[in-house]
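Going by TrEMBL, these are the annotated features:
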BINDING   Gly193, Gly194, Pro195, Gly196, Thr197, Gly198, Lys199, Thr200  ATP binding site
DOMAIN    15-133  domain 'RecBCD enzyme subunit RecD N-terminal'
DOMAIN    531-578  domain 'UvrD-like helicase C-terminal'
Amino acid sequence: MIPVRATGLLHTFAEAGVLAAADVHVALRLARLGGEADETVLLAAALAVRGVRTGSVCVELATVADTVAPADDLDGALDGDPADGELDGVGTAVEVTELPWPADWSAVGRSPVVAVGVDAAWRPLRWVDGLLYLDRYWQQEQLVRHELDARAAQPPPAVDLAPLGTLFAEPGSDRQRLAAAVAAGRWVSVITGGPGTGKTHTVARLLKLLVDQPGPPPRIALAAPTGKAAARLQESVRAQAAAIGLPVDLTASTLHRLLGWRPDSRSRFRHDAADRLPFDVVVVDESSMVPLTLMARLLEAVRPSARLVLVGDPDQLTPVEAGAVLSDLVHRPPAAVPPVPGLLDSNVDDLDDDERRQLANGVVRLRDSHRFGAGIGALAEAIRTGDADETVRLLAAGGALGRGEDTDELEAVVRSSGAEMFAAAADGDRVTALGLLGGHRLLCAHRQGPFGVAAWNEQLSRWTRPAGGPASGGWYPGQPLLITANDYDNQLFNGDTGVVVVGEDGLAAAFARGPSTEAIPLSRLSSVTTAHALTVHRSQGSQYEAVTVLLPPPSSPLLTRELLYTAVTRAVHRVRVVGSEESVRAAVGRQVVRASGLRRPVGAGPG
Ligand SMILES: Nc1ncnc2c1ncn2[C@@H]1O[C@H](COP(=O)(O)OP(=O)(O)OP(=O)(O)O)[C@@H](O)[C@H]1O
């Protein structure tokens, strides 16, 4: 849909599918309010709006022509309103590089709607070092930068690291020990690593170290961006607690709940710079899912004298909202502040140059997976490092990995796990049925279309639905469920999964509640869908025994390295890719590009 009032460059770029209606509307409104009519400036403004819509906090005007792809729009739409047809508004007739891109953007620097450089007074847009921001995102990025730099400049917290030797005594724990030492010895630290590399193991021992220091025990907050991830963090920390003598009553909450969700605002919270969080240690898991706005709110709410430990895997898919802060923090230029003295003596001699630089910013990457087999670990590493040949070779080698273009194996797996699930659900055995949810999952890049979740959920339902059709209202025993919006009445959260079971009064939805289960009448659920298949975005933070990844054709812009990495690392024992070798190569070769100023030295000059 091309906005009616768009003319000139805006019209051309909207027609080509680069700009959506919303981008054009915001640019036109800014221009009207600021008295701007220059077409180049209008296009730049619309591209900045587009940037935010597709996950970037800013747009680099000099390179935008090479990095923009019309169908990028699909990415932002992944888990949005299902009414967003995936190809809505996307024209493909015109090659993006053939569009009339301005060769000279200097009009932007003279515009009354653009503040140029770091110190210029407020205007709706800001141009710094060639990056054009909507001012709100510039302010948030500056806040994150200032909060991080101010904390790095404070004298480090005093801590006795000696107990780390006992806490990390197992051979091969050197990096974990280093990560705990860095997190204990700095106000802000980042512990990264793929699934099963011991991030939670390290956090639990870090907490034990801090709890045992002289003085009153620290007040600890554990949080994650989603309810599901918070529940998993709490479960894993508690599972470790008894063995190392940590208090077993530690609870984890969502970041929104930690910060104090306010019904009157989506982006403001009860706790902020004026009313900081009352904690001495704040651990945030699955930080790769935290967008810039939420990270800014978190940093201003955490007391400067509290340790903030960000935990996550920066190689996973970036948040749907703007800003991939975890990945930016890992790639930030090293701080002038040296790492805490003595930390490098801890026998970690295999850090490469990049890792040593990152250490100066409090970043430690854990490498060895303690969870899944060597096959999946090697595959994840090949994808992460962009080695397409090795990825293809590993997928062809058999064993725990496989690739093919037919869906015969998928059908066999789904039919047999569906039968097991049906038997448990028909028996009203909630525990077994919920346990089986962790068995096999189909993961798709798209929501709609022939490679999308919607169509494949239908197909998998046909394979698993008991003969004779659905028992009642479309529901059937063993049907896996996904909650798609927070439901405070039922204490269910976006992303929670459950299963339809036979209950005392007919069919009900069973959900895990910590170690126990609860059955909720299906009529009480409003935002719920079938979950045989999930988008890879949705699967973040979950693990399954076996995963089938359905890849779209190589031309799909959703096919990225981050997508494939996230998908295969959801599996513990077995990964099967359904798709062509070309699709695998296209995915490994294409990285998500998210523009951000956090990866550069602080804005020194104007556009
Ligand atoms: N040094 C170690 N020695 C022995 N077992 C370990 C070690 N580190 C981790 N583990 C075990 O490996 C498993 C995975 O660890 P953990 O859950 O901490 O990983 P993670 O990185 O937090 O995973 P995820 O990203 O999936 O949350 C756990 O069972 C943990 O007890």
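Cβ coordinates are placed from backbone N, Cα and C, and glycine is handled just like the others.
Caution: TrEMBL annotation is automatic and unverified by curators.
Feature map: TrEMBL annotations on the structure.
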{"residue": "Gly193", "record": "ATP binding site", "Cβ neighbours (10 Å)": "23"}
{"residue": "Gly194", "record": "ATP binding site", "Cβ neighbours (10 Å)": "23"}
{"residue": "Pro195", "record": "ATP binding site", "Cβ neighbours (10 Å)": "22"}
{"residue": "Gly196", "record": "ATP binding site", "Cβ neighbours (10 Å)": "19"}
{"residue": "Thr197", "record": "ATP binding site", "Cβ neighbours (10 Å)": "23"}
{"residue": "Gly198", "record": "ATP binding site", "Cβ neighbours (10 Å)": "24"}
{"residue": "Lys199", "record": "ATP binding site", "Cβ neighbours (10 Å)": "25"}
{"residue": "Thr200", "record": "ATP binding site", "Cβ neighbours (10 Å)": "21"}
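Same-chain residues that are not part of Gly193, Gly194, Pro195, Gly196, Thr197, Gly198, Lys199, Thr200 yet have a Cβ within 8 Å of the Cβ center of the ATP site turn out to be His201, Asp313, Leu366, Ser369, His370, Arg371. Note on the domain 'UvrD-like helicase C-terminal' (531-578): DSSP counts are 12 helix, 18 strand, 18 coil.
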